[in-house]
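Here is the structure we will look at.
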Amino acid sequence: MMADAALSPSPSPKGRGELLVRVLGRVAYEPTWRRMQAFTAGRGPDTVDEIWFVEHPPVFTLGQAGRREHLLRDIGIPVVPIDRGGQVTYHGPGQLVVYLLIDLKRRGIGVKELVRRMEQAIIDLLAEYGIRAQRKAGAPGVYVNDAKIAALGLRIKNGCSYHGLALNLDMDLTPFSAINPCGYEGMAVTQLRDLGVKAEYGAVLDGLLRNLEFQFARDEAVGSKGQELGA
């Protein structure tokens, strides 16, 4: 059983339900993934949407589009094949991982709109630290000077999302050199520390939560439907 701290539910627009936030701390990847699957499979029409903030021990995750050749060498870190879209990425200490368990149908949004909101929340957060970040066409995630600072990967099942995003804060980036991050050979990665920001983990978590809440307090155009997306 994973201990967690549930924060106060955040209101969502126009009676579309609440947003329950859980701060789970450092937890193993696979049990957390299975918990997401079980939560999504057990959802009903009135199940409250949740956002989970976690940190993982070192692990490579291989999405449904992933290929083993993108794992360039064995450095002793476990590889977990999973059901999100996208290819291979790395999770480890010093990275803020956010899982979004959202009923898209109930909120009246599609997967493209969900991705837009996730990316925008990160871009707005980084702007608060004086960092200019961008999207990149055809490569979901958030980038600073062409180096990836945040990866996105989603699974949509019965109109509900799980998986989410990973933002690099203050971590050992060396394991990224053992893979083609998100399937791109030679892709540069970066983190807040290397951009001159020494922010406390909790402060970044609070800031990202605030920006995500802002995005989900808006009712905008519905994006096109999809089943999975990843980076």
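Including glycine, each Cβ sits where the backbone N, Cα and C put it.
Listed in TrEMBL for this protein:
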type	residues	note
DOMAIN	45-220	domain 'BPL/LPL catalytic'
BINDING	ARG84, GLY85, GLY86, GLN87, VAL88, THR89, TYR90, HIS91, ALA151, LEU152, GLY153, GLY164, LEU165, ALA166	substrate binding site
SITE	LYS148	site 'Lowers pKa of active site Cys'
ACT_SITE	CYS182	active site, acyl-thioester intermediate
Farthest-apart CA atoms of ARG84, GLY85, GLY86, GLN87, VAL88, THR89, TYR90, HIS91, ALA151, LEU152, GLY153, GLY164, LEU165, ALA166, residues recorded for substrate, distance in Å: 16
Neighbour tally for VAL88 (substrate binding site), based on other Cβ positions within 10 Å of its Cβ: 26
Euclidean distance between Cα atoms of LYS148 (site 'Lowers pKa of active site Cys') and ARG84 (substrate binding site), Å: 19
LEU165 (substrate binding site) and LYS148 (site 'Lowers pKa of active site Cys'), Cα-Cα, nearest whole angstrom: 12
Packing count at GLY86 (substrate binding site) (other Cβ atoms within 10 Å of its Cβ): 26
Mean of pLDDT values spanning the domain 'BPL/LPL catalytic' (45-220): 92
